[in-house]
Amino acid sequence: MINPIDALLAEKGVLLADGATGTNLFGMGLEAGEAPELWNETAPEKITALHQNFVDAGADIILTNSFGGTRHRLKLHHAQDRVHELNKRAAEIARAVADKAGRKVIVAGSVGPTGELLVPLGAMTYDEAVEAFAEQIKGLKEGGAEIAWIETMSAPDEAKAAAQAAIDAGMPYTYTVSFDTAGRSMMGLAPKDIHGVSEGLPQGPVGVGANCGVGASDILSSLLDMTEARPDATVIVKGNCGIPEFRGTEIHYSGTPELMADYVRLAVDSGAKIIGGCCGTSFEHLAAMRKALDGHHKGERPTVEAIVERIGPLRNKTADQSGGTGESAEARRERRRSRA
Ligand SMILES: [Zn+2]
């Protein structure tokens, strides 16, 4: 059986994933510290609107509102015993929107980090991680998610545990890592090594890549490393909408729709097969990205210098390069908390 992503890629060549979940839900009234997943039950019409707006903007793939849907994350909101129902509901809401889109829209079940560190750095064993992800992924599958979309991972072994859980549940999977620490993931994974994360598992990923991170230039630089390492892989980029900046206590993103459109063109030229936006990417940005994707023919592979010239300076050191201005620790903490 062919998975939905390969099937749609065969038809369209490059796919557009959606934009920010967190940023847009904050715009709809979500309070800092509130669990977005609880809105699947208390404000499903807002989650429906989120998905519908992205489908209207032209998304081929929408991510369920289940990023923090493991028992470890939900425990912070005293909802650890409702993992199955909250994830199932998240998938059902997205499924209903996708089913009436009038074209194929893939429902991807978002699976984010547990927030726990694995042994030996922390207390969670690999098997416990698999179990926690399995509980979440079963709910997503039952609600109609077609693929497990493992994202914003820092630790390779945690991403692998989530992939194992997807395989156990009979789901195809993708995984993306956040390269937000000097061009690597917080746990030191370099972009070129992304392909090896699932090594040893009985079934490989449908796609791998990067999401979130720091800026659009930085993730494009990571993309060059990932596609160079394995040119035939389906590589995903879901970059933040420019650079996060604090204005008072509010976080803002510097990217304009024009900048995100150019990010899409550069991502295509760099070999990405699935392109979307992470933190700060609004419906308006995504509509500009759709237009850019539809109007662009793959061009010459850009250099990092060309990316910097068109998108702006790198904010972080790249994996192989020193320099860059770096992101404030405060901005990084805030981004990890609110994600997407
Ligand atoms: Zn993000």
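Here, residue 1 is simply the first one shown, and the rest follow in order.
The backbone N, Cα and C atoms fix where each Cβ goes, glycine too.
Features of the protein shown, as given by TrEMBL:
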{"type": "DOMAIN", "residues": "3-293", "note": "domain 'Hcy-binding'"}
{"type": "BINDING", "residues": "Cys212, Cys278, Cys279", "note": "Zn(2+) binding site"}
{"type": "REGION", "residues": "310-340", "note": "region 'Disordered'"}
* To do: Could you tally the C-beta atoms, other than its own, that fall within 10 angstroms of the C-beta of Cys278 (Zn(2+) binding site)?
  => 31
* Mean pLDDT, the domain 'Hcy-binding' (3-293)? -> 96
* To do: Tell me the Cβ neighbour count for Cys279 (Zn(2+) binding site), meaning other Cβ atoms within 10 Å of its Cβ, over all protein chains shown.
  => 29
* Other than its own, how many Cβ atoms are within 10 Å of the Cβ belonging to Cys212 (Zn(2+) binding site)? -> 24
* Asked: Is Cys279 (Zn(2+) binding site) helix, strand or coil when read with DSSP?
  -> coil
